[in-house]
Amino acid sequence: MSHALKQVFNKDKTFRPKRKFEPGTQRFELHKKAQASLNAGLDLKVAVQLPPGEEQNDWVAVHVVDFFNRINLIYGTISDYCTEQSCPVMSGGPKYEYRWQDEHKYRRPTALSAPQYMNLLMDWIEVQINNEDIFPTNVGTPFPKNFLPVVKKILSRLFRVFVHVYIHHFDRITQMGSEAHVNTCYKHFYYFVKEFNLIDTKELEPL
């Protein structure tokens with residue numbers, strides 16, 4: 001593993017602790033299946049397809065957690081360079097500004113610096129994926145009716161992290177020699193959201 005990739009996978013640099021799947025659970029097996037198809041070098045368009053006999057919501061849940069972990073790692077590698085000074089606005093170039101809104105403090109879309117936005121975003125996603133009512137971990141527990149709307153919101157917000165990293169910090173990613181890894185992660189994400197129609201095409205325009 002190259003030094004650059006070691007940095008990308010350096011656990012200390014993770015922006016947040018990783019959410020893990022319990023061994024022996026159906027999710028863990030699905031996670032292994034997804035990893036195996038990636039490691040086999042399968043075409044990413046094929047790798048994202050629902051395996052025969054599996055439930056789509058289970059497959060989606062596993063990928064959401066996986067993308068959260070991986071995008072955390074990517075952001076963690078450049079977070080020292082993404083500061084209040086360098087990135088006073090959470091944006092993707094001059095055309096796209098992303099404002100934060102939640103049910104608590106920011107009830108209206110609010111302009112924030114990129115690091116503030118990222119912190120709130122990662123905290124918010126962590127709460128969602130650790131909530132058993134939304135992401136049930138027990139086999140046989142049905143997913144709630146609002147599962148897909150929540151997933152779509154999580155993924156469209158994670159996409160903004162890619163936009164910000166690509167447009168504002170790609171020089172840093174390149175310096176570290178990690179662009180191939182980041183590109184693969186983005187392609188995987190892109191094919192996945194397209195396969196299950198999880199992000200509006202218009203939202204994907206910045207990249």
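Glycine is treated like the rest: Cβ placed from N, Cα and C.
Taken from TrEMBL, the feature Zn(2+) binding site covers CYS82, CYS87, HIS164, HIS169. Residue density at CYS87 (Zn(2+) binding site): 19 other Cβ atoms are found within 10 A of its Cβ, drawing on all protein chains shown.
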- Identify, in sequence order, the residues in the chain of CYS82 (Zn(2+) binding site) that are 6 or more apart from it along the sequence and have a CB within less than 8 Å of its CB; answer 'none' if there are none. TYR75, ALA114, PRO115, MET118, HIS164, HIS168, HIS169
